[in-house]
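Features reported for this protein in TrEMBL:
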DOMAIN    87-143  domain 'Potassium channel'
DOMAIN    181-258  domain 'Potassium channel'
CARBOHYD  Asn83  N-linked glycosylation site
TRANSMEM  12-31  transmembrane segment
TRANSMEM  90-108  transmembrane segment
TRANSMEM  120-140  transmembrane segment
TRANSMEM  167-190  transmembrane segment
TRANSMEM  202-219  transmembrane segment
TRANSMEM  231-253  transmembrane segment
Amino acid sequence: MGGLRPWARYGLLVVAHLLALGLGAVVFQALEGPPALQLQTQLKAELATFQAEYGACLPPRALEELLGVALRAQAHGVSSLGNNSEASNWDLPSALLFTASILTTTGYGHMAPLSAGGKAFCVAYASLGLPASLVLVATLRHRLLPVLSCPGTWVAVRWQLAPAQAALLQAAGLGLLVASIFVLLPALVLWGLQGDCSLLEAIYFCFGSLSTIGLGDLLPSQGRGLHPAIYHLGQLALLGYLLFGLLAMLLAVETFSELPQVRAMVTFFGSSGSMTPEDQGSILGQDELSLSTLPPDAPAAGQAPAC
């Protein structure tokens, strides 16, 4: 395959991506189609039973109108179900969690602006906040990645490992550390605190949060039955979890992207010409270069930082 032209390589990559999309769609259709139909049938049966018992007491289409209002309010995170003494959706801890979901691009969907001013401010805040978050992540990555690579370097020197083996060991170790601390451990805590979710659902929620998928099917707890102080403390804990967990996930992805096998694959699908230093660097590294304020007499790009 090394003799393929660049356009053929790109075409092969696009075809492989489309096949992966199609395969994922087929699998999800097979897995989720029957439960969705079953839930739809159950909902229709419940509505038919309710209308048969109380239909004489309700005006025509009154139930549909009420459900429509409730669903539209639920789409913005507003609900009258549960304990009415709970704090507002837009108290300070809830607003902090909402802004964190914007800056981390998680987007749980459990809250949304209602007013025109809120929607306009959300656009402006995200437009300014997302680049600032990228700068912060790039800076922290620049400081933390060399520190995290020191144990791998020490093991590689002590065991006299080849550079490729040392890189693989470092990536595997960091991946296991991030998965244990930021996925498995929080999932166990969530599983213990939330009696209505399984361990798989807790892992699913943690991974969806850190990968910024945020499908919105599992949401932060609404605090029913919890003391307000404990509820707000949980929101602040989730805020810190999103910020630190996303940084840890990006560090792990950056480490895996530097593996020789991954770089060889990127080079294969890249251009056939010689690679420039900008092409050889990572995305975050390019962000750091473009945002750097180093003086002209800064060290050369090829100089390796000290561990």
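Cβ atoms here come from the backbone N, Cα and C positions, even for glycine.
Caution: TrEMBL annotation is automatic and unverified by curators.
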At an 8 Å Cβ cut-off, counting only pairs 6 or more apart in sequence, do the transmembrane segment (90-108) and the transmembrane segment (167-190) clear the bar of 3 or more pairs? no
When only pairs 6 or more apart in sequence are counted, do the transmembrane segment (167-190) and the transmembrane segment (120-140) reach 3 or more Cβ pairs under 8 Å? no
Mind checking how the domain 'Potassium channel' (87-143) divides into helix, strand and coil residues in DSSP? 40 helix, 0 strand, 17 coil
